[in-house]
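Peer 1: So TrEMBL says this about it:
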- 1-25: signal peptide (SIGNAL)
- 137-179: domain 'EGF-like' (DOMAIN)
- Cys169-Cys178: disulfide bond (DISULFID)
- 292-333: domain 'EGF-like' (DOMAIN)
Amino acid sequence: MLSFRQLLWLFFNLAFILLSQCTHAKDLKSSCHTCKQIADNFIKGLDQTKKQNFGGGNTAWEERALSKYETSEIRLVEILENLCESSSFDCNHMVEEHEDHFETWWFKRQKKHPDLYKWFCIDTINVCCLKGTFGPDCNACVGGSERPCHGNGVCDGDGTRGGNGRCNCDHGYKGEFCLDCIDGYFNEIRNDTFSLCTECHSSCKTCTGLTNEDCEKCKTGWGEDDEGACLDVNECLNDPPLCKEDQYCLNTDGSFSCKGCDKVCSGCTEAGPDKCQSCAPGYQDTEGTCTDVNECEQPDAVCTAGNQECVNNKGSYICICASGYEEQEGVCVTIPEPEENEEDADTEKNQLEQTRKSIWSKCTRWL
């Protein structure tokens with residue numbers, strides 16, 4: 001029997017192996033992506049340089065002496081230099097590592113193998129596979145290489161040397177071959193190699209057709225009637241009510257929500273001041289609508305302390321001191337007149353004396 005230490009050692013080794021395999025599979029997928037990007041950029045480089053020449057003053061002489069620019073090493077170098085972003089380590093490393101393959105293809109294989117991606121990425125450095133195949137040996141994906149996953153999903157590792165070939169099904173589909181339908185969908189068409197999953201009616205959890213009469217089982221929030229059709233359950237008719245006293249219930253297909261009543265209401269059936277069960281304090285029923293009560297116009301005064309006046313607001317009122325009064329310790333008292341100081345009195349006396357002299361001077365002239 002293995003000891004605890006031996007079991008722990010075995011566990012960590014198995015975990016390391018599994019992690020290494022996952023990392024390796026991810027690297028294989030990444031390598032194929034990088035290679036395809038390089039091949040695509042190479043074709044773009046061909047297009048960008050097709051109208052260029054050696055760039056010297058005597059192009060005709062240079063082409064005779066150094067061969068045609070179209071198939072020259074100079075053009076190849078110019079294309080290779082622009083295949084990768086300077087920050088892309090994987091791309092630059094792959095180009096540097098396999099530069100001799102690019103030269104071979106450029107000078108010897110280009111005419112016989114015009115598809116650079118297939119020749120370089122698939123057949124030469126073996127980091128990619130043809131579409132519909134996967135893994136180290138480029139085996140066919142589940143469902144076949146022509147229609148992986150029977151056209152209803154994505155093959156893991158499709159077109160790369162990584163992955164496991166299993167199907168990641170599109171929404172609505174499930175199963176190893178992506179031929180079965182998930183809950184809420186049904187097989188409108190189905191055979192051994194083709195499946196079309198169509199969405200059920202919104203009331204159905206499972207179904208055999210498009211309408212609410214084709215439900216095998218109703219979703220939560222829906223109930224079956226006497227004829228077997230799934231209909232919406234109106235939760236707002238529930239007793240006791242599902243919403244709080246200051247809320248009203250809004251029924252929706254298959255569900256409900258609780259909404260806040262208008263602030264003028266004390267309980268309500270819907271939104272708005274005309275849907276109140278009763279009016280909140282400070283409001284009154286006016287022909288079926290809750291409106292503000294103007295407490296300041298009531299026969300009995302609401303501001304009873306001396307020297308106060310009433311100010312109405314929505315749903316309430318406040319008492320404030322009348323003009324000429326101010327609040328001191330909860331009582332409205334008269335605002336005292338400002339005392340006149342001696343300097344102000346002398347100034348006023350001098351102004352009166354100047355006015356008197358001016359009037360006397362005018363009167364003298366008239367006489």
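Using the three backbone atoms N, Cα and C, a Cβ is placed for every residue, glycine included.
Automated prediction, rather than curation, is the source of TrEMBL annotations.
Tell me about the setting of these features in this model.
Peer 2: If one looks beyond the domain 'EGF-like' (137-179) by at least 6 residues along the same chain, the residues whose Cβ comes under 8 Å of a Cβ in the stretch are 24-29, 31-33, 122, 126-131, 185, 190, 193-195, 197, 199.
Sequence-distant contacts of Cys169 (disulfide bond), defined as residues of its own chain at least six apart whose C-beta falls under 8 angstroms from its C-beta, comprise Cys149, Asn152, Gly153, Gly175, Cys178.
Beyond its flanks by at least six residues, the domain 'EGF-like' (292-333) meets 263-264, 280-284 of its own chain at Cβ-Cβ distances under 8 Å.
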Peer 1: Going by DSSP, how much of the domain 'EGF-like' (137-179) is helix, how much is strand and how much is coil, in residues?
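Peer 2: For the domain 'EGF-like' (137-179), the helix, strand and coil counts are 4 helix, 11 strand, 28 coil.
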